[in-house]
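Let me begin by presenting the structure, written as structure tokens, before commenting on it.
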Amino acid sequence: MSQKLVLILNCGSSSLKFSILDPQTGEEKLSGLAEAFHLDDARIKWKLHGEKGNADLGAGAAHSEALNFIVNSIFPLDPSLKEDIVAIGHRIVHGGEKFTSSVVITDEVVQGIKDAVQFAPLHNPAHLIGIEEAFKMFPHLKDKNVAVFDTAFHQTMPEEAYLYALPYSLYREHGVRRYGAHGTSHFFVSQQAAERLNVPAEQVNVITCHLGNGASIAAVRHGQCIDTSMGLTPLEGLVMGTRSGDIDPAIVFYLHDNLGLSVEEINTLLTKKSGLLGLTEVTSDCRYAEDNYDKEASAKRALDVFSYRLAKYIGSYMAVIGERLDAIVFTGGIGENSSLVRELTLNHLKLFGYQVDSDKNKAARFGHEGVITADNTPVAMVIPTNEELVIAQDTARLCIA
């Protein structure tokens with residue numbers, strides 16, 4: 001009996017992540033990554049029914065060549081795959097204010113994604129390429145393509161949370177406000193937390209920490225986002241792999257006036273040379289800092305700044321939630337796997353009663369989840385994220401009868 005499967009596309013400026021899921025069971029049939037687009041060593045790797053494969057795409061290859069390879073070289077390894085795909089879900093980083101939920105892609109939706117390019121100049125153009133290529137490769141599914149927006153979950157933020165203290169005309173005329181990111185992940189783990197804590201989803205109060213190379217935190221009250229750390233762009237907020245997060249805005253002028261850096265150079269410094277990379281002066285990889293925390297002053301410095309900033313945000317979000325807090329949730333590559341980051345962060349929150357259970361905390365990694373705080377103390381927990389499943393389920397909800 002044929003299945004109803006969803007193809008998920010996550011197009012970046014130089015890469016394409018793809019997967020095929022059963023939206024009902026969550027079973028992953030195919031997953032893969034095509035990367036190094038526009039370079040001499042463009043390549044693709046995949047896992048089909050547990051079997052791994054890889055290939056070169058050819059010098060200069062990009063999204064079109066990658067999708068061609070998927071359809072013409074990977075799909076034939078299991079001919080039923082293409083036949084069973086009934087819809088396509090696209091991860092879209094920025095939807096501006098226009099999109100508050102996932103939508104079937106129409107000409108109007110495409111225009112809305114184009115309008116938000118100014119807020120995600122690297123990501124949204126790549127998403128548009130992915131949509132165009134999907135229309136070409138799967139013409140029979142043109143009305144079964146769904147856009148799932150990373151910004152949508154944060155559209156419930158109140159005005160006092162999303163406005164900057166800038167001339168209001170900048171918001172009114174140019175849309176300058178806080179939008180957030182990682183919304184699909186924050187939504188998923190908040191819902192999962194509600195289920196694990198036996199709290200109705202519409203009543204759950206959690207602080208969700210999506211920690212990876214990009215990192216953000218969200219305050220979720222009664223199942224809805226009321227604040228998040230990323231802003232107009234994904235540069236604001238927490239310390240990240242190569243991004244600075246929050247800084248004094250006047251540092252930009254200082255770098256220009258005193259060091260002679262151009263706007264482009266400052267942008268590169270803040271987005272690609274800062275964060276853990278800037279603090280360690282070695283790497284953006286949190287695993288290096290964790291492994292060398294007790295050996296290298298730079299590694300300790302990086303994780304201390306990272307966890308201190310995170311704890312400050314958690315404390316402030318406790319205030320804005322303003323009532324019962326059901327849990328602090330850690331997710332993302334660092335959140336799910338770095339017991340040290342979790343311990344350092346929660347140690348800053350002892351005033352609120354948080355007490356790490358060392359054994360539980362160290363056991364919660366590599367896909368293992370659960371509560372990491374001591375019994376009879378406030379709950380902090382690890383929940384692996386699954387953005388692909390959310391995209392598949394939203395796509396199925398809109399397209400599959």
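Glycine is treated like the rest: Cβ placed from N, Cα and C.
Feature list (source: Swiss-Prot):
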type     : residues                                                                                                      : note
BINDING  : Asn10, Glu387                                                                                                 : Mg(2+) binding site
BINDING  : Lys17, His210, Leu211, Gly212, Asn213, Gly214, Asp285, Cys286, Arg287, Gly333, Ile334, Gly335, Glu336, Asn337 : ATP binding site
BINDING  : Arg91                                                                                                         : substrate binding site
ACT_SITE : Asp150                                                                                                        : active site, proton donor/acceptor
SITE     : His182                                                                                                        : site 'Transition state stabilizer'
SITE     : Arg243                                                                                                        : site 'Transition state stabilizer'
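The CA atom of Arg243 (site 'Transition state stabilizer') is located 9 Å away from the CA atom of Asn213 (ATP binding site). Around Arg287 (ATP binding site), a 10 Å sphere centred on its CB holds 12 further CB atoms from the protein chains shown.
It is 10 Å from the Cα atom of Leu211 (ATP binding site) to that of His182 (site 'Transition state stabilizer').
Listed recorded positions: Asp150, Asp285, Glu336. The one with the lowest count of other Cβ atoms within 10 Å of its Cβ is Asp285.
Within the same chain, the residues at least 6 positions away from His182 (site 'Transition state stabilizer') whose Cβ sits under 8 Å from its Cβ are Asp150, His210, Gly214, Ser216, Ala218, Met230, Gly332, listed in sequence order.
Applying an 8 A CB threshold to same-chain residues 6+ apart, the list for Glu387 (Mg(2+) binding site) reads Arg91, Thr184, Ser185, Phe188. Less than 8 angstroms from the CB of Lys17 (ATP binding site) sit Leu9, Asn10, Gly32, Leu33, each of them six or more residues away in the same chain. Following the DSSP three-state reduction, the secondary structure of Asp150 (active site, proton donor/acceptor) is coil.
Sparsest Cβ environment among the recorded positions Arg91, Arg243 (other Cβ atoms counted within 10 Å): Arg91.
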